[in-house]
Structure formats: C-alpha cells, structure tokens
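All remarks here apply to the structure that follows.
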Amino acid sequence: MAWTKYQLFLAGLMLTTGSINTLSAKWADMFSAPGCNGTPVHAFSHPFVQAVGMFLGELSCLVVFHILLCHDRCKPEPTMDPGQSFNPLLFLPPALCDMLGTSIMYIALNMTSASSFQMLRGAVIIFTGLLSVAFLGRRLQPSQWIGILVTILGLVVVGLADFLSGHGNDSHKLSEVITGDLLIIMAQIIVAVQMVLEEKFVYKHNVHPLKAVGTEGFFGFVILSLLLIPMFYIHVGSFADNPRQVLEDALDAFCQIGHKPLILLALLGNTVSIAFFNFAGISVTKEISATTRMVLDSLRTVVIWVMSLALGWEVFHGLQILGFIILLLGTALYNGLHKPLMAKLPCCPGEQRAEEEEAPERERMLGEGKAANES
C-alpha cells in the first residue's frame with residue numbers, strides 16, 4: 001500500500017531531525033571561542049550543558065502532549081487516549097539512567113566522529129537483549145542471538161576503522177578516538193538498563209509515549225541543571241577540557257556562546273530536533289509501523305556519515321561502510337526484518353508463527369538520540 005502524503009512527511013521529518021540532532025551536537029563541539037574573564041580561545045567542550053539542552057527538548061514533548069490533548073478534547077468526539085494516571089516517580093530511575101547515558105555519550109562525541117558515534121550506538125541491542133533475558137525472563141529467538149553476534153562483529157569493524165583512521169586524524173588523537181568509542185559502548189549498557197526499567201515498571205501502566213518522554217525529560221532537565229552547580233567546583237584535572245579544569249563550567253559555556261552566537265544555534269538545533277524527532281518517531285510507529293521506524297533510524301546513520309564527509313569533518317574509510325552494513329544486518333535480524341522474506345519461502349509456517357508471537361516488538365523513543373540518545 002502506497003504511503004500517504006502525511007506518512008511521507010512524518011518519515012522525512014524523523015529522518016531529517018534525527019540526523020540534525022547528532023550533527024548539531026557535533027557542530028557545537030567543533031567551535032572555539034574565548035571564555036570568561038579574558039580566558040584565551042579554547043574548544044567548546046561542555047557535554048553536560050549540551051545534555052541539559054537535550055532534556056529541555058524532551059521536556060517540550062510534555063508541552064506537545066498537553067496541546068494535542070486540549071485540541072482533541074475540543075472535538076465533538078475526542079479520539080486521543082491520554083493513558084491512565086500514574087505516579088511520576090516511576091520515571092525517576094529510567095530518567096537517571098537517561099541522564100547518565102546521555103552525558104557520557106556527549107563526552108564521547110567530543111572524542112570521536114559523528115558517524116562512528118551513531119554507528120556504535122547500535123550496540124544497545126546487545127545489552128538490551130541480554131538484560132531482557134536476565135531480568136524480564138524473555139526468551140530470545142535464534143535469529144536474535146545471531147543478530148547480537150553479527151552486531152558485535154560490526155562494532156569490531158567500526159572500531160578497527162576508527163583505530164586505522166585515528167593515525168591520520170588531526171582533530172582527534174588516537175587515544176581520544178578509542179576512549180570515545182569505548183565510552184559510547186559503555187553508555188549503551190546504561191541505555192539498555194533504562195529500557196529494561198521502562199518495560200518492567202513503566203509501560204505496563206499504559207502511559208502515552210509523548211507523556212513518557214516528556215516526564216523523563218522533566219526529571220533529567222531539573223536534576224542535571226541542579227548538578228551543574230557542584231560540577232562547577234569539582235576539579236578533575238586534565239580530564240576536563242575547560243580552562244578551570246572542573247567537571248563542567250557552565251559559566252564558561254555561556255561566555256563562549258556570547259562571544260560566538262553560532263554555538264547557540266547549534267545547541268538550539270540539538271534541542272529542537274530531539275523534540276521533533278521524538279514526536280515524528282512516535283507518529284511513524286502509530287501511522288506506519290515500528291519496523292519502518294527502525295529502518296528510518298538506521299538510514300539516518302547514512303545521512304550523518306554522508307554529511308560528515310561532505311562537510312569535511314571526517315575522512316572516507318571503506319571499513320566504516322563494511323561496519324555499517326554488518327551493524328545494519330545485525331539490527332535487522334534482531335528486530336525480525338528477515339521474517340517477511342522468510343514467510344515467502346516454503347518453510348515451516350508453524351514455527352514461523354511461534355517465533356513471531358514471542359519476538360519482542362518494543363520500540364524506544366530516544367533520539368539521539370537519544371539517540372540518543374536516546375537518546
């Protein structure tokens with residue numbers, strides 16, 4: 001069945017905003033500007049400030065939810081299901097995971113390329129699958145185990161590409177690239193814990209997806225904004241890339257933005273894009289399918305990689321293409337994209353139906369992205 005104009009618009013919106021989200025975050029990292037009190041020009045390296053902006057974008061989903069709800073209630077026959085009432089504190093544990101995982105990923109984005117950042121986020125299916133078996137009692141199908149193994153192979157290839165290209169990379173040292181890649185993979189463990197917590201304690205309450213994303217964004221925005229205060233005084237030495245060598249110098253970030261307003265444009269691009277990306281992703285799942293959403297999320301990796309090459313942010317490396325194809329294959333196997341093809345073959349339909357019934361159909365809203373963050 002052909003897509004409607006609205007469905008095409010949603011797919012384009014998700015692909016565009018998802019790509020902008022990562023590219024704008026990387027763009028902000030590439031700026032240099034003077035800081036406060038005559039501090040000389042230095043790189044804009046403020047991952048926690050960027051994470052606060054991302055959570056502000058997620059928080060805006062809560063505003064969108066209430067706008068849509070009010071608009072729906074003005075109709076003679078309301079059709080929108082607002083979901084059941086729930087204790088907002090249910091979202092606190094996954095929000096803390098989101099906050100930690102997102103912050104680590106923004107630190108890593110300072111150290112590696114935007115395309116590798118996006119590709120390595122595919123590691124989340126490995127840890128989500130393992131944790132769902134351990135804590136949700138889920139039984140993974142053989143194709144999902146194969147998908148996990150293929151994904152691990154893809155991660156090795158992407159990591160090897162970064163290792164080889166790191167020798168000739170002027171913007172990042174090889175040690176930084178390797179550390180960044182490892183931090184991204186480590187962050188996916190935290191994201192996987194977040195997903196398991198959400199599935200075990202949150203989604204059984206029939207919460208509207210926009211409300212769920214917005215509530216997590218609220219907790220993340222408030223808590224991380226407050227944490228910026230002690231971070232301003234915590235000295236971490238050479239680990240920090242700001243003049244005062246503290247965990248996060250928010251004042252330095254604002255001073256750099258004042259000296260170079262284009263940084264604000266990059267940060268706003270990150271904030272606004274995550275809001276539209278979450279909305280578009282939820283709408284694609286509703287209007288088309290969860291499978292289409294997963295395919296579009298994979299396609300944005302291609303867009304990010306092509307744009308990074310076109311902008312001269314990174315150098316072409318053939319191994320990255322191979323790694324991406326392997327990661328895409330692993331993701332497709334884990335999410336069951338091979339099933340429509342297998343259904344056309346004269347195989348065992350009974351076993352096929354059993355596998356389809358037990359396969360997890362869960363979709364994650366971060367974008368980021370969270371995806372992001374995902375997220």
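Cβ atoms are placed via backbone N, Cα and C, with glycine included.
Marked as compositional bias 'Basic and acidic residues' by TrEMBL: 361-375.
What TrEMBL records for 352-375 is region 'Disordered'.
Below 8 angstroms of C-beta separation, residues 25, 28, 80, 82, 99, 102-103, 106, 208, 210-211, 213-218, 220-221, 224-225, 227-228, 231, 247-248, 250, 253, 267-268, 270-275, 278-279, 368-370, 372-373 of the same chain, each at least six residues beyond the ends of the transmembrane segment (48-69), sit close to that stretch. Taken from TrEMBL, the feature transmembrane segment covers 48-69 (among others).
Residues or ranges marked as transmembrane segment by TrEMBL: 89-108 (among others).
Annotation comment: TrEMBL describes 120-138 (among others) as transmembrane segment.
Summarising the annotation, TrEMBL assigns transmembrane segment to 145-165 (among others).
Cβ atoms under 8 Å from those of the transmembrane segment (177-197) belong to residues 93-94, 97-98, 100-102, 104-105, 107-113, 116-117, 120-121, 123-124, 126-128, 130-132, 135-136, 155, 158-159, 162-163, 165-166, 169, 362, 364, 366, 370, 373-375 of the same chain, restricted to positions at least 6 beyond its ends. The transmembrane segment feature in TrEMBL is assigned to 177-197 (among others).
The transmembrane segment feature in TrEMBL is assigned to 218-236 (among others).
What TrEMBL lists as transmembrane segment is 262-282 (among others).
Note on the transmembrane segment (294-313): residues 11, 14-15, 18-19, 22-23, 26, 30, 113-115, 118-119, 281, 284, 320, 324, 328, 331, 335, 337, 363, 367, 371 of its chain, located 6 or more positions outside it, place their CB under 8 angstroms from a CB of the stretch. What TrEMBL lists as transmembrane segment is 294-313 (among others).
Look at TrEMBL and you will find 319-337 (among others) tagged as transmembrane segment. Through the fold, the transmembrane segment (319-337) approaches residues 115-116, 119, 122, 125, 129, 143-144, 146-155, 157-158, 160-161, 164, 291, 294-295, 298, 301-302, 305, 355-356, 359 of its own chain, all at least 6 residues removed from its boundaries and within a Cβ separation under 8 Å.
Between the transmembrane segment (218-236) and the transmembrane segment (89-108) there are at least 3 Cβ pairs closer than 8 Å, counting only pairs 6 or more residues apart in sequence, which means the two stretches are in contact. Tertiary neighbourhood of the transmembrane segment (120-138): same-chain residues 105, 144-145, 147-148, 151-152, 154-155, 158-159, 181, 184-185, 188-189, 191-193, 195-196, 199-200, 327, 330-331, 334-335, 360, 371-374, selected by CB-CB distance under 8 Å and a gap of 6+ residues from either end.
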